[in-house]
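According to TrEMBL:
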{"type": "SIGNAL", "residues": "1-35", "note": "signal peptide"}
{"type": "DOMAIN", "residues": "55-177", "note": "domain 'FZ'"}
{"type": "DISULFID", "residues": "Cys139-Cys163", "note": "disulfide bond"}
{"type": "DOMAIN", "residues": "204-521", "note": "domain 'Peptidase M14'"}
{"type": "ACT_SITE", "residues": "Glu491", "note": "active site, proton donor/acceptor"}
Amino acid sequence: MINFVRRSDCHIIQFMDSKMLTVLILLSALATCLSVPRRCTPEEAAIGRCRTPAEESSQCMEMVLGYCQDVPYSHTTFPNIVGHRSRQDLEMGVEYLFLSMIHGLLNGECSPDIRLLGCSVLAPRCQDNRIMKPCRSSCEMVKKSCIHAFEAIQMAWPYFLDCDRFFVGNEEGCYDPLSELRENQEVAFASISDGGIFTIHQFTYHTNSQMFNILKKTAAKCSHISQTYSIGRSVEGKDLLVIEFSDNPGQHDLLEPEIKLIGNMHGNEVLGRQLLIYLAQYLCSEYLRGNERIQTIINTTRIHILPSMNPDGYEIAASEGHEYNGWISGRANAQNLDLNRNFPDLTSIFYNRHRFRHFRSDRIPIPESYWINKVVAPETYAVMKWIRSIPFVISASLHGGELVISYPFDFSRHPQQRRMYSPTPDEQIFRRLARTYADAHPTMSNNDTERCGASFANKGGITNGAQWYSFAGGMSDFNYLHSNCYEITVELGCDKFPSEEELYPEWLRNKEALLSFMEFVHRGIKGIVKDEHGNGIKGATISVRGMRHDITTAKGGDYWRLLNPGVHIVTAAASGYSKVSKRINLPRLQVGRVDFVLKKVPREPSLDYFNIPELDNYERFDPFNQYEQNSRGELGENGEERTEKPWWWAYFSQLGISAPTWLLQN
């Protein structure tokens with residue numbers, strides 16, 4: 001007996017009789033099925049349910065496809081590797097359309113590599129009436145160097161560039177579709193003999209997409225010391241992308257200090273954004289070159305670089321360009337909020353509570369009133385979570401409009417006084433940190449009264465923030481009062497949006513200052529606070545006599561305390577443990593190692609501190625869970641997360657063709 005179904009389901013054929021008639025009928029049915037002119041769908045090709053073209057007879061023909069004219073061969077054939085049965089079939093397909101658009105979609109990134117690789121599959125090389133498949137190694141190389149460009153625009157890797165399915169190994173007689181391209185590149189870069197680690201810095205302004213691509217490409221190039229990660233999204237959904245450098249990226253190493261550099265907080269202050277992009281490229285290329293100074297910095301420090309905190313504002317400012325100068329347009333985020341006025345005002349709490357004997361000027365909790373009465377920007381929310389999650393020691397926020405280094409407090413101790421000297425308990429530390437950057441800059445600290453920032457010439461290019469002008473809700477004050485981090489504000493110049501001709505000179509002026517600033521983190525003392533069993537104690541406080549600002553130990557019990565040279569009395573304490581004090585003599589330009597071992601004792605909380613209203617719970621962050629919820633995707637009818645299609649989806653969906661769902665991530 002023979003059981004078989006419709007012709008469209010020819011593959012579901014079962015037979016249970018061995019008579020000759022049955023065999024003949026079966027062969028006839030199979031022949032009919034194989035004659036149906038149907039090409040593979042992407043889904044069938046991806047899971048191998050189609051007959052491969054290598055199994056079909058091929059007829060070589062001249063290559064006449066417009067987007068594949070520069071491939072290193074002159075003849076192709078159909079059906080191709082993914083099942084297009086003719087040239088017309090291919091040209092009507094979304095895969096070929098994709099090749100025509102990829103240069104624009106990726107802003108020229110990985111061009112023409114992706115297009116040539118795609119042509120090797122869609123219009124494969126034909127020799128002696130036989131398809132020659134491209135090499136898997138070529139595909140893997142392109143995917144490794146270009147996957148970041150697809151991720152930057154939320155696009156999945158194309159199914160027809162699956163290196164395992166549509167490409168073969170050298171032992172199977174493959175060819176390299178990028179051979180001529182590589183030869184041309186070798187000729188173009190013949191004068192560069194640095195082993196392939198040379199980085200060409202383009203001293204031009206970059207779009208947000210280009211910035212993301214550069215950061216991810218840099219991280220891929222130096223994957224053993226670098227990675228990128230997002231701390232959140234802007235109002236308009238753009239990633240707040242960070243690039244990290246460390247000898248162990250992605251992990252906090254015990255006793256290794258962490259620093260952060262932030263640019264473009266105000267969208268129209270663009271120089272800092274560009275300098276941090278250049279810095280990331282420089283750190284990568286110089287590390288690979290064997291630059292001992294850069295290798296020492298990266299091997300002993302974990303560096304986090306956020307080139308743009310306000311990518312939405314940057315797009316507005318960039319649309320008007322440097323000639324407008326962008327003094328107002330693009331400064332705020334897409335909600336029209338000034339991000340440097342949007343943080344919790346902990347400075348007022350410090351001024352109001354400093355009369356309490358045991359009141360601490362560190363780890364001041366965020367009051368609930370902030371979450372109730374303030375519109376918290378998603379960029380601010382993301383940075384606050386970032387600050388709370390990593391034990392940063394120092395930080396610099398790069399701005400524009402003056403040439404000076406400003407340090408906390410930024411909010412005056414008398415709110416009615418707009419310009420009043422308002423120092424922190426760490427005034428001398430902040431002054432030294434600010435001087436480190438200013439003195440390494442060729443013009444910031446000189447006394448030339450004709451220069452940009454001349455009003456600070458008699459101060460050596462540094463100033464207390466509130467003495468310059470007072471404002472509440474700033475990021476630097478928040479860093480100091482809520483965490484262990486000492487942040488300065490770097491005003492890079494009087495022109496907030498300089499011309500592109502100024503980018504290279506500005507990089508030369510600031511490169512040494514940025515490196516010197518990063519090296520400053522290795523000053524003062526560091527150590528580990530442990531219990532009697534050798535376990536690190538998280539949340540222990542490190543106090544220095546005469547300074548009303550403590551430092552708190554990280555998860556493993558390690559800490560870093562910036563100190564000027566001299567004799568200090570340092571005390572370690574933790575709830576439920578005894579206090580231990582040590583007298584240290586700290587020499588110049590060195591970091592001292594000071595460890596503590598604490599013994600268990602009955603807990604005796606300090607009532608002076610814990611009875612202060614609203615300051616009894618540091619861990620309460622977004623207590624009403626309103627901003628975390630807003631950062632999630634909208635839920636559909638069945639509770640699944642509903643995500644918007646990426647911006648490029650419209651290019652395909654409006655053409656009336658089968659939309660390439662295989663390009664959507666997840």
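Even glycines carry a Cβ here, placed using N, Cα and C.
All annotation found in TrEMBL is predicted automatically rather than curated by experts.
With helix defined as DSSP H, G or I and strand as E or B, the domain 'FZ' (55-177) counts 54 helix, 15 strand, 54 coil. Cβ contacts within 10 Å of Cys163 (disulfide bond), excluding its own Cβ and spanning all protein chains shown: 20.
On the 0 to 100 pLDDT scale, the domain 'FZ' (55-177) averages 89 in the predicted structure.
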